[in-house]
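Trainee: Dumping the structure here so I can ask a few things about it.
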2 protein chains.
Amino acid sequence: MQGEPDVAVLRLGHRPGRDDRMTTHVGLTARALGADRVIYPENATDAVETVRDITDRFGGPFDVARTDEQHATIRDWEGTVVHLTMYGEQIQAVEAEIRERHASQSLLVVVGSEKVPFSVYEEADWNVGVTNQPHSEVAGLAVFLDRLYDGRELDREWTDAESRVVPRETGKRVVDTE
Amino acid sequence: MQGEPDVAVLRLGHRPGRDDRMTTHVGLTARALGADRVIYPENATDAVETVRDITDRFGGPFDVARTDEQHATIRDWEGTVVHLTMYGEQIQAVEAEIRERHASQSLLVVVGSEKVPFSVYEEADWNVGVTNQPHSEVAGLAVFLDRLYDGRELDREWTDAESRVVPRETGKRVVDTE
């Protein structure tokens, strides 16, 4: 979020077709819950387009980057690398330390899809499990970001939005912001 | 979770093929993050099978129910109904009240996929937005459950598991529990 060290979410691996929606949801969740950027593999064209479109309509700042050098991005990251995995340390045990580190350093959050190579486990500063149960990389990312920001992300402000949803008890209300 | 009023997650609508993974992830997230049950539409056969299989392997209690009477389930629910939607009230504004209600009443959490009929907005006790941004029903469910249980779900115990993941700093460790 603005005024804090950067948080980027790297989607590791993507199978076009099969992973399109999950990969898109990783990017939309990153945006909605306070990250500054998603880094997609080059072949994630659908996800790139959808997340950019949502950012145009509902605001930013949020950046969508693409690379085929995902492993180099992890290896060369200047800052802290957190890999979300059901095999990792429990989030409730390590979140305070990660929050403290993020106060002064940018953070790369790695979200896998297919089998993640062992080198990623080694290169991460933390391997973190949002539970040690199999569930969803999108769910894990959401809980991680909500805890990283301690709920502050829910109050973030959006700039350059065309539309804004007004919270309502019942029904839908969307207003033009122009 | 055991020792607390029931929490059931109802997946509203499912398009076989297109929604298979999202619908599966709704169920797996419900299970991993403390809900007691997922209620799927009859046509969500893949998701039913996967969530039951994961429960067999990694433990329960967690129940997978199926119905084609989803709207009747909402209408006739004896307890509180929360509908997660980007158009709803902000979670940070209503979560304390919902937690208090859940202390004495069972909770049905409705998670939409395609266009949700207006009647669902009317029948819900709360329409709740985990942000008023478009992102992911799986992410919204995850943050909602983590806040509902105030993190207690991360310490829940599993029974009748065949396997258990042991949290590790690096790499993977899965043990047989038999």
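Just so it is clear, glycine is given a Cβ too, placed from its N, Cα and C backbone atoms.
Just so you know, TrEMBL annotations are computer predictions that nobody has curated.
Given the structure is predicted, the values throughout are model-derived calculations rather than measurements.
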Trainee: Among A:LEU84, A:LEU145, indicate the single residue that TrEMBL lists for the S-adenosyl-L-methionine site containing A:GLY112, A:SER113, A:GLU114, A:LYS115, A:VAL116.
Mentor: A:LEU84
Trainee: Given the S-adenosyl-L-methionine binding site residues A:LEU84, A:GLY112, A:SER113, A:GLU114, A:LYS115, A:VAL116 in the record, what is the largest Cα to Cα distance, rounded to whole Å?
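Mentor: Spelled out: the longest distance between any two Cα atoms in A:LEU84, A:GLY112, A:SER113, A:GLU114, A:LYS115, A:VAL116 is 13 Å.
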Trainee: Let me know how many other Cβ atoms fall within 10 Å of the Cβ of A:SER113 (S-adenosyl-L-methionine binding site).
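Mentor: Its Cβ shell of radius 10 Å holds 17 other Cβ atoms.
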Trainee: Pick out which of the binding-site residues A:LEU84, A:VAL116 has the most other Cβ atoms within 10 Å of its own Cβ.
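Mentor: The most densely surrounded of these binding-site residues is A:LEU84.
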Trainee: 10 Å Cβ neighbour count around A:GLY112 (S-adenosyl-L-methionine binding site)?
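Mentor: A count of 18.
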Trainee: What other residues of this chain sit with their CB within 8 A of the center of the CB atoms of A:LEU84, A:GLY112, A:SER113, A:GLU114, A:LYS115, A:VAL116, the recorded S-adenosyl-L-methionine site?
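Mentor: Residues close to the S-adenosyl-L-methionine site, other than A:LEU84, A:GLY112, A:SER113, A:GLU114, A:LYS115, A:VAL116: A:LEU12, A:GLY13, A:THR85, A:VAL111, A:GLU137.
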Trainee: Can you tell me how many other Cβ atoms are located within 10 Å of the Cβ belonging to A:GLU114 (S-adenosyl-L-methionine binding site)?
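Mentor: Cβ-Cβ neighbours of A:GLU114 (S-adenosyl-L-methionine binding site) within 10 Å number 10.
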